[in-house]
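Undergrad: If you look up TrEMBL, you'll see B:21-51, B:57-78, B:111-130, B:136-158, B:170-189, B:201-225, B:279-297, B:309-330, B:351-373, B:385-404, B:425-444, B:450-474 marked as transmembrane segment.
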Amino acid sequence: MLTFKQLKKTYGGRTVVDINNLNIREGETIGLVGNNGAGKTTLFRMLLDLIRPDSGEVLSKDQNVSENDHWKDYTASYLDEGFLIDYLTPEEYFTFIGSLHNLSVAHVADYLKQYEEFFNGEILNRGKYIRDFSKGNQNKIGIAAALMQKPELLVLDEPFANLDPTTQIRLKSLIKSLKSTHRLTTLISSHDLNHVTDVCDRIILLEKGLVIKDFHTDENSLKELEAYFSE
Amino acid sequence: MLSIFLNHQWKDFWRSRNKAGSIAAQILLGFFMLYFLAIAIVAGFGMAFFIGKAFPGQNVITVFNGFILYYSLFDLAVRTQMQELPTLSIVPYLHLNIPKKTIVNFLNIKSLFSFFNLLPLFIFIPFSVIKIGGTFGALTSLMYVLSIISLVIFNNYLVLYFKRKSINSFAYFIAIIGLVAALAALDYYQIISVRNASNFIFVTIAKYPFLALIFTLAAVLIFVINSKYLRENLYTEELSTKDEKKVSTDYAFLNRFGRVGELAALELKLILRHKRSRGSIFMGLAFLAYGFIFYKAPMIAKDEFGKMLFAAVFMTGISIISYGQFMFAWQSTHFDGLLVNKIDFKNFIKAKFLLFTISCTIITILASFYGFMSYKLLLLHLAAYLYNIGFATVIVLYFATLNYKRLDITKSASFNWQGVGATQWILGLPFILIPILIYVPFGIMNKPYYGLAAIALFGLITLLMRNFWINLLVKRFEKQRYKIAEGFRE
């Protein structure tokens, strides 16, 4: 599904991302962990063609993401509030995102019904613009809008941050079920080792832009990660 | 305590975030302020002379008296739009052990540090001291000064009170501007005369100086009402603009343009839902009056279009220049989102063209009332219009790909220099010079109508080349987007 080749990015002489060769197969759920400054978000941004790599390339379905837009057809993402059009009401935003994928207003409304539980009655018909919602609820809007696009590849940056416990649990089961029903490939970054080891089947540990560890999760993964980070 | 607050404010001003990058802009703003102040001082000291020139044969003091209430009303109207509520700055103090009274006092005093409070003092006080004092004596002069200061303070707190009570300052603004216009019209047709009323009031004050205390009383009254309201409602939630229920909207007329229309509708919402962009619309409408300053009957009679070209291009293209100068940065908060989503950059650029064309057309139609002055102005506007939608749009969008500065669009537009960079300064040059350069040779040969035709033709040709421009701009945008996105993330 994804290949990162000799991918490098430096800012002011400091290497932020330096990945030699990394493959991600279809249907995998990848957890990206690492302390602040490890290069997680920069990696995501290069994957989404928001930052130009200094060298190397990101191939999505064997096509370089910076050379054409095909990857946008099957990729959905939510990194931060910068992805939301914050002066729209959530309904307007969902309709807009839906229209980009040729979903009618009725389709979108229909789709949103499944997420009533996820939204917990706090998102729709509140008579507010997105900018007036709390960070956690903005997160929910972004994630729901990403899922609505029926992606094959989903990229989420710290999706659990700012979410309330109920929603965290719901999100985890949502990702797990989409993986089994739609063979969804997911990339998640998180600081919460519990969640990552719970939901992901492969963990990639970054430090200063380098891949330090790359392994499939088993019952010892959490301990292993905790040991690594407490050193 | 108050001095500590003021000290913090002072630091806040000098250390504000967007400050470092825009020292030049600050200096320019300073120059503007000085310029206005200088005008005010000149107007103040030269008042007697100017009145004598403008209203020959009338009593200078009568004219001056008539002017005071007018100014006051106009001042009120401008303040409703431009004066800011000093509210948010108190948030960090509310939970501390500071009496509410102190905070209220601070808010009240802070609001006095406003340019609007300074200006009238310079305009009115010199005349009040020199002329009025010379004619009626020291006491009357003192009372004149007192009334003027009282009127300023009255306006200051009245506007703040209105603003705190209500959300929609724009409606108030329209209402008050309407009132001033109506009164002026009534004055003009000699039905009710504000000037006479104003004159009557001040003649009475000249006779019974202590009556001026009524103004002072009114000022104190509104001050007390305002303070009381503040003390009872000292919650940031209630002091800042109240939330009304937001509804989703759909612009059906844009739907016929498909994807492009969708993007244009998105941007239209952006414009209508943010303070800064709404402000630019308002300024655009205000610039419709530009022609009254620049179009002179002798020029029109002699077909001197070259001298009027600047005003015509600027007026009909105001939406393009005022909105376009910050182009792409309006969307800086969600620029990443636009790039990541399945939006064809071609449609993205086309939507901008569509918006520009629609707004420019509307403005040009509105400006057609100048046709009453002369039909020639309509020809001038038509040429300027074609140039604007044909080529000015291209210039603006080309410069937009060089603009990497994030824009905070939630703050009001007046005297706001945040997000202003080199591009905004340079942009104006080609925008205004190109039509003038096209016209000049024809102007020299004394063929003004050919000159207009040449501009119109240039506009038309560039308009027909729009697809070519779009492709060019898309290529440029694709190359520049990383840089733009990076700049907007800061």
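Glycine too: its Cβ is placed from the backbone N, Cα and C atoms.
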Undergrad: Does the transmembrane segment (B:201-225) reach the transmembrane segment (B:57-78), going by 3 or more CB pairs under 8 Å (6 or more apart in sequence)?
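TA: Yes, the transmembrane segment (B:201-225) and the transmembrane segment (B:57-78) are in contact.
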Undergrad: Checking distant contacts: for the transmembrane segment (B:450-474), what same-chain residues at least six beyond its ends satisfy Cβ-Cβ under 8 A?
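TA: For the transmembrane segment (B:450-474), the list is 305-306, 309, 345-346, 349-350, 353, 379-380, 382-391, 394, 397-398, 401, 435, 438-443.
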Undergrad: Would you say the transmembrane segment (B:279-297) and the transmembrane segment (B:57-78) are touching, if the rule is that at least three C-beta pairs must lie under 8 angstroms and be 6 or more residues apart?
TA: no
Undergrad: Flag the pair the transmembrane segment (B:309-330) / the transmembrane segment (B:425-444) as in contact if three or more Cβ pairs fall under 8 Å (sequence separation 6 or more).
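TA: Yes; at least 3 Cβ pairs under 8 Å.
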Undergrad: Take the transmembrane segment (B:425-444) and find every residue of the same chain, 6 or more past its ends, with a Cβ under 8 Å from one of its Cβ atoms.
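TA: Residues 304-306, 309-310, 313-314, 317, 321, 324-325, 383-384, 387, 391-392, 395-396, 399, 450-452, 454-455, 458.
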Undergrad: Which of B:21-51, B:111-130, B:279-297 shares the most C-beta pairs under 8 angstroms with the transmembrane segment (B:351-373)?
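TA: Selected stretch: B:279-297, with the most Cβ pairs under 8 Å.
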